[in-house]
Structure formats: C-alpha cells, structure tokens
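Student: First the structure, then my questions, so here it is.
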Amino acid sequence: PVSALVHSSTLVTAGVYLLIRFNLMLVDMFFLKILLLLSGLTMFMAGISANYEFDLKKIIALSTLSQLGLMMSILSMGMPDLAFYHLLTHAMFKALLFMCAGVIIHMMNDIQDIRYMGGISMYIPLTSLCMNISNLALCGIPFLAGFYSKDLILEMVSMSNLNLMIFFLYYFSTGLTMYYTIRLLFYLMVNDYNLMVLYNLYDEDYTMLKSMFMLLFMSLVVGSFLSWMIFNYPYMIYLSINMKMMVIYVMLIGLLMGYLVSNMKIYSMNKFLMTYSLSNFLSLMWFMPNI
C-alpha cells in the first residue's frame, strides 16, 4: 500500500501538480520546448526499459515514469487541465496495480521476479482480475479509465502543429505501454506454473480485496465521470479517420508485438538475448544510473 500511494498519486506526481499550479508563470517560455523534448524522451526510455525488466515492481514503476512523461509533455504543450485529468485517472488504476502486485509478491514468499511466476490466475482469480483490468486501463483499452484521458491527449497532440519526432515519440510510447502490459500478462497469467520456487499459495486476501474492488470500480468509471466533471467545455477535435483511429492502431500493433515476444515455452530462447549488447544498453535505461 505504501508503494501504491507513492507511485500512483502522492510523491512522484508532486512535481507535475506543482507545474500544473504554476502553469500561468510558464506560458511562452523556451523552457517548455526543452521540457517537451525531455518528457517525450522520458516516455520513450521508460517504455523501452520496462520491456527489458524482470522485476514486477520495477515494471510498474517504469510504467509510472512513462505516464509521468506523458503528463509533463501535455503540460508543456499548454494543456494543464488534460495533464490533471490524466493524473487523476492514472492514480486510480496504478494504485490498484500496485496493490495487486503486492498481493502477488506476498503470495510468492516475497519473490518479485516475474520469471518465477506463472499461472497465477488459477490460484488467485480475483486478484488477477483486478490486475488485468487495471493493466488494460493503463493501456487505454476503450471505455476504461485510461482510455478517455490518453485518447484525448493523443488527439490533441495530433491536432497541434508539432514536428514528426514528438509525434513519433508519443505514439511509439503508447505502443510500448501495450507491449510491456501484454508481456506482463503473459508472464503472470498465461504461462504455466513454473515450479521454480516453493509457493506460499493461499486462496485470496479478502481484506485487500475490499479496497481493491473499490479501486477497480473507480478505474472503470472515473474516466467518463471526470471528463463530465472537470471540463467545462469539450475540446474540438477535427481529424481524419486514420488519425482518429491511430491510438487503436498502435495498441493493436503493441498487442501483436507483445504476443510475439512473450509467447515462450519453458525451452524457448529469450528473444531479447538475441541482441544482447543492445538489450544491455536499453535495460540499463540508456546507462542513466551509471551517469
């Protein structure tokens, strides 16, 4: 629960909230162009690093970093209400995701490596339900919470006259979100029970499930509810059909790529090991911890 609070709504989003409050001081500054570039690269880097990570909490933390890059970039394009909206919806499903991960890690006798897990949905079906729904809300599956804010942000990016690089960073990072979510889903739910560790299998943690079901309901309805509550006028979006469907396209491509990479049997070679030095570079967050 502490990790859920820190990573979803309190500590990491304090800077975003501060910049939302002070956004009137920042209009028409050159700093915002630098911030747009940096936050777009943050989205990209965190999305790539989450694909190479095997620690359950670190995958969700890097996904939080990617969503923070999304909030900062839409903030630096001068739309603080959209950034605040995404912050609120992201807090719902990310807190749920961390609570599910905490239940799973506690069930695994404090093992965080996803390679040890597998077939969890046979043992804790309700926790897996919460985990999957919050993961899909993170991806932006239509009519869940994350879809409303993310789709609105990406359509406003498509409407504004930006260069191709920022556009590519946005859409590629959205595809990468789907990618590591499907990878996580394969490692946790679809793979077989791995028998690599002595599990501490119990049925369900019903005291955790009480609060998790509240968060589950919130991450289902909070997107439409908040969009009706905090926007006093709707955004006018005028796009062609392909640009309108671009979010769905990159989600389908990310789903396909995540399926192709993660559909592994116990004897398959890890696809990331084929390009070992590139994987090493990308999984160390472009050597940022060393720097």
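Even glycines carry a Cβ here, placed using N, Cα and C.
Just lifted these from TrEMBL, have a look:
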DOMAIN    1-175  domain 'NADH:quinone oxidoreductase/Mrp antiporter transmembrane'
TRANSMEM  30-52  transmembrane segment
TRANSMEM  59-77  transmembrane segment
TRANSMEM  83-105  transmembrane segment
TRANSMEM  126-148  transmembrane segment
TRANSMEM  168-190  transmembrane segment
DOMAIN    180-291  domain 'NADH dehydrogenase subunit 5 C-terminal'
TRANSMEM  211-231  transmembrane segment
TRANSMEM  237-260  transmembrane segment
Student: Verify whether three or more Cβ pairs under 8 angstroms connect the transmembrane segment (168-190) with the transmembrane segment (30-52), leaving out any pair fewer than 6 apart in sequence.
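Tutor: In this chain the transmembrane segment (30-52) contacts the transmembrane segment (168-190) - 3 or more Cβ pairs sit under 8 Å.
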Student: Let me spell it out: take the transmembrane segment (211-231), skip the flanking residues so only those 6+ beyond its ends count, and list any with a Cβ under 8 Å from a Cβ in it.
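Tutor: Same-chain contacts beyond the ends: 81, 84-85, 88-89, 92-93, 95-96, 99-100, 103, 127, 129-130, 133-134, 137, 143-149, 152.
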Student: Mean pLDDT for the domain 'NADH dehydrogenase subunit 5 C-terminal' (180-291), rounded to an integer?
Tutor: 85
Student: Just give the helix, strand and coil counts over the domain 'NADH dehydrogenase subunit 5 C-terminal' (180-291), going by DSSP.
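Tutor: DSSP composition of the domain 'NADH dehydrogenase subunit 5 C-terminal' (180-291): 70 helix, 0 strand, 42 coil.
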